[in-house]
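As annotated by Swiss-Prot, heme b b562 binding site applies to H83, H182, with the evidence given as similarity to another entry. Here Swiss-Prot flags H97, H196 as heme b b566 binding site. Taken from Swiss-Prot, the feature ubiquinone binding site applies to H201. Marked as transmembrane segment by Swiss-Prot: 33-53, 77-98, 113-133, 178-198, 226-246, 288-308, 320-340, 347-367.
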Amino acid sequence: MKILRKNHPLFKIINHSFIDLPTPSNISSWWNFGSLLGMCLMIQILTGLFLAMHYTSDTTTAFSSVAHICRDVNYGWLIRYLHANGASMFFICLFIHVGRGIYYGSYVLSETWNIGIILFLTTMATAFVGYVLPWGQMSFWGATVITNLLSAIPYIGSTLVEWIWGGFSVDKATLTRFFAFHFILPFIITAFVLVHLLFLHETGSNNPSGLNSNSDKIPFHPYYTIKDLLGILFLLTALMILALFFPDILGDPDNYTPANPLNTPAHIKPEWYFLFAYAILRSIPNKLGGVLALLLSILILMAFPLLNTSKQHGLIFRPITQTIYWILIANLLVLTWIGGQPVEYPFTMIGQIASITYFAIILILMPVSNTIENNIIKL
């Protein structure tokens, strides 16, 4: 068996990636979230596949087909709620994974980091088109509002929106193509994940100390496979509690009303994991400016390798930048809260302050604190 896994052309790749992979001996539980994301992706693809067997992407039957899945299909309700809440678990793991990357300076591995950001954007696109599929009120109006933002693009905006809609409004053509996108994108994500791992294994993993760990590495199996299995057990427990006891806690009650183009909901808002970006979008009065800010709120992550001037790797020994980092996390939580609030005073003002602070922390405060800490080291 040992000879086979080391010499067989296919098993050799798996062996070098998951069994004999030299791994730093000191990586903490914050490094578990990569494997948890892989687990989430597998859950989403499997549950999504079973849902697609019963779902119909037609405006007249989409809503009733989801109701049929929940009522008439064997364990259809469980598959549906695992898929819906699995998306939330996916994004929780994704946010922690990115947050850990920023805290421990993993962005210095720029190829891995940039592929990760492309993965983040692709996952957001997949979640957005997926949210439209049940064809409830919030699905329909969310699709209308978000796709309509593209009309802010000069010259080609209106044409682009109609091209995406497949007509002059969100209708049957839109739903059909969104279902097609939602089906294909997870497989594209899987391909990107393999590229992400390829780049990661080229350089080796980062570690909490930020020091070179080449002199102190251990094989991935059995040490980290056991550790990852424990993380997966916790994730599955949390997901089952969410899906079985609180299946609708993260959803919107408006989505239990069939889509009606003649009746606009009082507050149009996306799923909770998009609220921080939605708050940034809403805080800018200009439509094009809002769309650019929305894009930059994610793409700004690509600036981390360029803005990093610190002599030290990660924030573990850098108290000033550490404090700024936690202010950034608090700021993102405020933005998430604001995104779910109505567009009125004082929420608009808080949103504008939090949006400015978000960009200021990343573009100004963090590079300044890097320079200050570099000078302190010289003393």
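From the backbone N, Cα and C atoms, a Cβ is placed for every residue, glycine too.
Sequence-distant contacts of the transmembrane segment (178-198) (same chain, at least 6 residues past either end, Cβ-Cβ under 8 Å): 17, 38, 41, 44-45, 48, 52, 55, 57, 112, 115-116, 118-119, 122-123, 125-126, 129-130, 132-133, 143. Contact counts against the transmembrane segment (77-98), taken as Cβ pairs under 8 Å, peak for 33-53 among the stretches 33-53, 288-308, 320-340.
Same-chain residues at least 6 positions away in sequence with a Cβ under 8 Å from that of H182 (heme b b562 binding site) are, in sequence order, G48, T126, V129, G130, L133. Counting every protein chain shown, the number of other Cβ atoms lying within 10 Å of the Cβ of H83 (heme b b562 binding site) is 21. Here H97 (heme b b566 binding site) is positioned 20 angstrom away from H83 (heme b b562 binding site), judged by their C-alpha atoms. For the transmembrane segment (226-246), the partner stretch with the most Cβ pairs below 8 Å, chosen from 33-53, 113-133, 288-308, 320-340, is 33-53. If you look at the transmembrane segment (33-53), the same-chain residues 6 or more away from its ends with a CB under 8 A from one of its CBs are 69, 79-80, 82-83, 86-87, 89-90, 93-94, 96-97, 100, 182-183, 186-187, 189-190, 193, 228, 231-232, 235-236, 239. Looking at H201 (ubiquinone binding site) and H97 (heme b b566 binding site), their Cα atoms lie 17 Å from each other. Between the transmembrane segment (288-308) and the transmembrane segment (113-133), three or more CB pairs separated by 6 or more residues in sequence fall under 8 Å, so the two stretches touch. Listed binding-site residues: H97, H196, H201. The one with the lowest count of other Cβ atoms within 10 Å of its Cβ is H201. Long-range neighbours of the transmembrane segment (320-340) within the same chain, counting only residues 6 or more positions beyond its ends whose Cβ lies under 8 Å from a Cβ of the stretch, are 99, 102-103, 269-270, 272, 274-280, 282-283, 310, 347, 350-351, 354-355, 357-358, 361-362, 365-366, 369-370, 372-373. In the three-state DSSP assignment, the secondary structure recorded for H196 (heme b b566 binding site) is helix.
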